[in-house]
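Take a look at the structure set out below.
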Amino acid sequence: MRLFVIRSLESAIRRGGASASSCRRFSSDSGPERKVAILGAAGGIGQPLALLMKLNPLVSTLALYDIAGTPGVAADVSHINTRAEVAGYAGEEQLGKALEGSDVVVIPAGVPRKPGMTRDDLFNINAGIVKSLCTAISKYCPNAVVNMISNPVNSTVPIASEVFKKAGTYDERKLFGVTTLDVVRAKTFYAGKAKVPVAGVNVPVVGGHAGITILPLFSQATPASNDLSDEDIKALTKRTQEGGTEVVEAKAGKGSATLSMAYAGAIFADACLKGLNGVPDVVECSFVQSSITELPFFASKVRLGKNGVEEVLGLGSLSDYEEEGLEKLKPELKASIEKGIKFAREN
């Protein structure tokens, strides 16, 4: 059974990557010692993410942190017979110990979306949580790669950048907003509509990580399809942008996109670990400090390496529909970025 699970995950990780060369095996090749800390590990995203990271042989130490409940999650996950040694930490007094020596810190902490909840509602709760956690990161593991999952990512990444700047530890190459779920959805929806095997599909997704700021570039999808109409592309774009709402409504108040987000988070963390370990040509989409548009942060393909971001890649050729979408998203994304910066500076 274990062999089946590992092989299934190997296949999944290979499908998740953005380029063939980035999809090196999620295998038994252990590599160097790497510590991954998950902040918010007892939550709906954190628990399945902890499971997936325990299965990743690139992880030698897995630190699970939350305000409560993590010792139980850690005990459960620790029984899985894979390489990573697991420890659970609970409460603010144990946060430093959880973070010390971390190479990658993944932050799914905060409240999930519920029906009727706006992103402003999310911001009002999660902004303070992110600020507090990033203050601790700057103190206990200032050189770690930080993967921000906590929503709204369009604002929480700028908050993190301001916290790190204030502490004198900001390295723009090591702060990522995880937008991989947008890519995962775009691949899945495109494959279903174009009737092609999803394992071979790639779709870049740029912009931000909320509503219309999510811009899938179906004109650059591979394999290309000539069977999709303009209306099909518009429908696929809208579904990708509203994928989170689709899940929230389907769960009818009992959760959000926790399982698919955990999968996407594990894909991106794996890519970061490969980059740190020197695997060449690891390319994923992520929301990072960027100069490819006039906005200070933007999601696009980035090449990962030993220092985090090695290169922020350009947008490439866009269709007229995508050009229009790009201009439409900029004001909303700009406002979200400025909102995060303002919060961090005033609180």
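Each residue, glycine too, has its Cβ placed from N, Cα and C.
Annotation comment: TrEMBL describes H209 as active site, proton acceptor. Residues or ranges marked as NAD(+) binding site by TrEMBL: G40, A41, A42, G43, G44, I45, G46, D66, N126, I149, S150, N151, M261. Feature annotation from TrEMBL assigns substrate binding site to R113, R119, N151, R185. Residues or ranges marked as domain 'Lactate/malate dehydrogenase N-terminal' by TrEMBL: 35-177. According to TrEMBL, the domain 'Lactate/malate dehydrogenase C-terminal' annotation covers 179-343.
Candidate recorded positions: G40, A42, H209. Nearest to R185 (substrate binding site) by Cα distance: H209.
Take the Cα of G40 (NAD(+) binding site) and measure to each of the recorded positions R119, N151, H209: the nearest one is N151.
You'll find the Cα of N151 (substrate binding site) roughly 14 Å from the Cα of G46 (NAD(+) binding site). Counted within 10 Å of its Cβ, the other Cβ atoms near H209 (active site, proton acceptor) come to 28, all protein chains included. The Cβ of R185 (substrate binding site) has 26 other Cβ atoms within 10 Å, all protein chains considered. For the binding-site residues G40, G44, the greatest number of Cβ atoms within 10 Å around a candidate Cβ is found at G40. Taking DSSP states H, G and I as helix and E and B as strand, the domain 'Lactate/malate dehydrogenase N-terminal' (35-177) has 66 helix, 28 strand, 49 coil. Considering only the residues assigned to NAD(+) binding, G40, A41, A42, G43, G44, I45, G46, D66, N126, I149, S150, N151, M261, the longest pairwise Cα distance works out to 18 Å. R119 (substrate binding site) and N126 (NAD(+) binding site) are 10 Å apart (CA-CA, integer value).
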